[in-house]
Each structure stands twice: as C-alpha cells, then as structure tokens.
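K.L.:
Please find one structure pasted underneath; my questions will follow.
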Amino acid sequence: MGNWVVNEGISIFVILVWLGMNVFLFVWYYRVYDIPDKFFYTRKLLGSALALARAPAACLNFNCMLILLPVCRNLLSFLRGSSACCSTRIRRQLDRNLTFHKMVAWMIALHTAIHTIAHLFNVEWCVNARVNNSDPYSIALSDIGDKPNETYLNFVRQRIKNPEGGLYVAVTLLAGITGVVITLCLILIITSSTKTIRRSYFEVFWYTHHLFVIFFIGLAIHGAQRIVRGQTAESLLKHQPRNCYQNISQWGKIKDCPIPEFSGNPPMTWKWIVGPMFLYLCERLVRFWRSQQKVVITKVVTHPFKTIELQMKKKGFKMEVGQYIFVKCPVVSKLEWHPFTLTSAPEEDFFSIHIRIVGDWTEGLFKACGCDKQEFQDAWKLPKIAVDGPFGTASEDVFSYEVVMLVGAGIGVTPFASILKSVWYKYCNKAPNLRLKKIYFYWLCRDTHAFEWFADLLQLLETQMQEKNNTDFLSYNICLTGWDESQASHFAMHHDEEKDVITGLKQKTLYGRPNWDNEFKTIGSQHPNTRIGVFLCGPEALADTLNKQCISNSDSGPRGVHFIFNKENF
C-alpha cells in the first residue's frame, strides 16, 4: 500500500475530490428539483425526468468549468515554475493535465447523455399534454397561460402532435437549437479525438477540436429562454400546492387557491464558465503574441530516413530540458500548430527540434525547407515559421534526483537528447548544484536507422566520457524490437567486433524488450535508500508496465528505495 501511495497517492486524491464533487452536485440538485414545493407542479407535469435532467446539468456546468484549464499551456507552465519550491509529487500532477482533460471530457459526455435523454422525455410529455394526449391533471397544468394575465408552466405553447411537435420544439426554442448544436459539436470533438485519428489525420483532430468555441457559446446561452419553470415565491405564499393540487377545478374561484404563477430559472451556466473562458482567452492572446515574434532558422540539417533538424533563434527565448514547443509554418498551413520536443540543451545558443517526415504537414515543411533538393539552400529561401512556447514537461524534474531511469520508445527518445546534452554541459562545466549522479538510459526502437542522429549523439557522449574517465556516469541500453532472419544472421556474424554493428557504439545493441522486473531490481539493489526518478516518453502500454514496476519495486516505508514514475504528455 505504501508503494502505491508514493506514486499515485496525490493523483488518486485529486480524482476522488473531483468525483466527490460530481456526486455531491448531482445529489444536491436532484433534491433541489425533487423535494421543494417550488417545483411541485413541474414534477406533476414532468415526473422524475425533471430532476434527472437538472442534476446532470449542474455537473455539466462544473466539468465545463474545468475542461479548459488543463489545456491552458502557459498557465500550467507558470504554475510549474512558481511551484518549483514544492515537492516533485505536487509538480507531477501538472504533467497529467491531458489525462485529466480526457477524464473531464468523458464525464461531460456521460452527463450530456443523461441530460439529453431526460429532456427528450420532458419534451414528449409537454407536447402530449398540449394536445390533450395525457392525464387530465397535466392537461390542466399545461393550459395555464392561455388566458390573459396568466403565466405558463408548460414551455410548449403550440398544439402540435408528436413527432412533429418535438421537432418544432427543437428548431424553434433556443434551448432546443443550442442543445442540438452543442451535442453535435461534442460528438464530433470526441469521435475525432481517438488515437487513430490523432496520429493519422491530425488535421481532422485539430480543426474539429476548435468546435469548442461554438460549444461554449451555445452552452452559455442554452438556458437564456428559461424553459424550466417553477412556482414563484410570491405565489407560494398565496397558493400552497400540497393543499390545492387536488382542487384544480376550484383554482381562481376560492381565496386559498388562486391561479398559481410561474417563472423560469435564471441562466446559471455562464457564471460557471466565464472565469475559465477569460483565462483561455488570455492564453490565446499570449499564444498570438508569441506567434508574431520573429523566429530565424539558422540551420536545417537533413538526417537519414527523412528526418530533419531545425536549428532556430528567437529573441528572449529561454528553455529548460525536455520542454516542447508548438510550430506553425504559414507556407504549409496558416492555422495548424504542431508540437515538437526540443532536442537542444539550455546551454546552447540556439534551440532545435527533430522532425520525422510522416504526414502531409511534415512533408510540406520538408519541401518548404528545400530538403527535397540536392543543392545547398540559401538562408533567405527558408520559410517563415512561428513558435509558441516553450512549455514544461515532467522531464524538467530530472535534476531533482540523484539517480534517474530514462526510457524512450521510438520517436519518444527526442526529449532525452536535450537532457543528455544538458547533463554533459553541466558535468563539463562542473556545475556546483548538479545533484544527478547516475543515468540509466533505455532506448526501445524497431529501427535504429530512423534515428541515426541520436546514435551520433550517444557516440559523442561515449567518446567524451572516456576522455573524462567517467564512463560509469551514463549506462545505456539500446533495444532493437524489430528484425528479420537475414538481419539476425548479420548481427550474429559481427557480434564479437569491438563496436556495435548497428550503432557504432561500444555498448552492444540488445535484441528484444528489456526484462523490466530484473532491471528495476538490479538498479534498486545498487542504490538503496534512494529516490529514483523514472522518466518515460512512449506508448501507454509501456507506461502501464513501468508504473506497475515502480509501485512493486518501491519500499513501503519512508526509507528505502522509491521509484517515482513520470511520463511525457503533450
């Protein structure tokens, strides 16, 4: 239990508080509409569907208030910077912003479904009551408002049978129109957010996600028409529904039961979302301001297997290890921004990214930079680009530990280029505050040739460490997870050579996936009574594996070895 608390305690606490707030709001507002006399006649008309529609609406307000906050990248970077004095456990919660964003989105989808279904029943019953296709009591309540000086309870005022009556409500009432629009927006946003769409059709994901603007506008005005109505406070003093509801034929004829008066609930949603919407507007203004700042591409390097490196400079640009930026190239697309991990170190006088050419946008950038041509390209011919960032990630905490495990899978190796470079600069310059003493680096890939630029970096570090007589500082393992029989024979023939046949490094490439249980046990035994940071940039399946290993191999007491799991999310 103690092992689990070390890694997941605060995260679970945050989730439980969030779930608790959802349960509290649902129960509270269910009782608000299910018990008080104010909605006595509304319940007689709509039944339990009234409370079942309003309770999830309150939860929707709460979650729509939260949904924008995890994607305010500049706000999160500010909080991460201002919380530098806090423990890494606190800062790690900011690195799970996208996970929380997705959880809130699914909660919105759940409450939207409940809210919509309940209101479909409400509309059906209201329409039926207006066309005398209901019980006499509901018909009588629905007729209130037809005479002068009466206020209505049933928001359906036209006498049109279903299903035409329901469609009429959907296309004429503000709540119906906005409800249809925001539900369609939500469906499109969620269905285009699957992993397959994001990876293969990023443009679809990008553009449909911007339907959130329509979603929030529709949400803010959804209740402006006040169709959910209850008895007014003044009317309740004159007309007590529990005493008068059985004498509906005598309403207005006897003193104690005058015709009840009704009014709609004032819209509340805008009060929940105006704050986050203002923060997000500020976020977008900051992004726009940054995008207008001049960025100079100082060098474009073409690496094997369609990978390019962009080295850039921007006035006032300051970065930390493992951070990422968003890049826009107007020549390729005037609206699209794409995230890339910085591969340069803070100590260098430029910042760089490595881009694998795998889609339409990257292919367009590849051609715009002249990388498809053999001849040298002049700098003035390079395209203009805009940069937003940098933004913080879990990797910033790498210097908070004495021992770290860095695990990169495929292109997920890029954040660690920045870390390894920076560590080496600090080591060579004998940085007095360098706490980090040992790095265990794991690189899992199906084809190392696709990332030869990183193998070149490792070769450089290997050579420099030998010159400094400190080969024990960095222990690295390159694991090739994909090969065929001919490659296996070739590897076997050259196994006894001094340098690895694939990477040219002295450390030989391993074939297959690491035995993580053995790796964690070995590292834990070599560093007792140590907090070991585990940093991953890779797929969710590997994240689950490493997270479980961190929990199972951490000691339960306050002393002993503790593996602290961190994952890149951007």
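The backbone N, Cα and C atoms fix where each Cβ goes, glycine too.
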K.L.:
Is it the same side of the membrane for G9 and R159, going by what Swiss-Prot records?
P.N.:
no
K.L.:
Based on what Swiss-Prot says, identify which of N132, N469 is the N-linked glycosylation site one.
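P.N.:
Going through N132, N469 one by one, Swiss-Prot annotates N132 as N-linked glycosylation site.
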K.L.:
Could you check Swiss-Prot and say which of N97, N247 is marked as N-linked glycosylation site?
P.N.:
N247
K.L.:
Quickly jot the same-chain residues contacting the topological domain 'Extracellular' (131-163) by Cβ under 8 Å, restricted to those at least six beyond its ends, or write none.
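P.N.:
Here the qualifying positions are 41-42, 44-45, 123-125, 169, 173, 225, 227-229, 232, 245, 248, 259-263.
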K.L.:
Residues sitting near the topological domain 'Extracellular' (37-46): Cβ under 8 Å, six or more positions beyond its termini, same chain?
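P.N.:
That would be 121-122, 125-126, 129, 137-138, 141-142, 153-154, 228-231, 233, 236, 240-242, 245, 260, 262.
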K.L.:
Under a three-state reading of DSSP, tell me whether H354 (FAD binding site) is helix, strand or coil.
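P.N.:
Its secondary structure by DSSP: strand.
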K.L.:
Can you give me the Cα-Cα distance between W361 (FAD binding site) and K328 (ubiquitin cross-link) in Å, rounded to a whole number?
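P.N.:
Cα to Cα, W361 (FAD binding site) and K328 (ubiquitin cross-link) are separated by 10 Å.
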K.L.:
Of the binding-site residues H101, W206, I227, R287, T481, which sits closest to W337 (FAD binding site) by Cα distance?
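P.N.:
Going through H101, W206, I227, R287, T481 one by one, the Cα closest to that of W337 (FAD binding site) is W206.
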K.L.:
Let's see if you can do this one: DSSP helix, strand and coil counts over the topological domain 'Extracellular' (131-163), in that order.
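P.N.:
Taking each residue of the topological domain 'Extracellular' (131-163) in turn, the totals are 8 helix, 0 strand, 25 coil.
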K.L.:
Could you give the number of helix, strand and coil residues in the topological domain 'Extracellular' (223-267) as assigned by DSSP?
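P.N.:
Once the DSSP states are binned, the topological domain 'Extracellular' (223-267) shows 16 helix, 6 strand, 23 coil.
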K.L.:
Apart from its near flanks, which chain residues at least 6 from the ends of the topological domain 'Extracellular' (223-267) lie with a Cβ under 8 angstroms of it?
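P.N.:
For the topological domain 'Extracellular' (223-267), the list is 37-42, 44, 50, 53-54, 137, 140-141, 144-145, 150-153, 155, 173-175.
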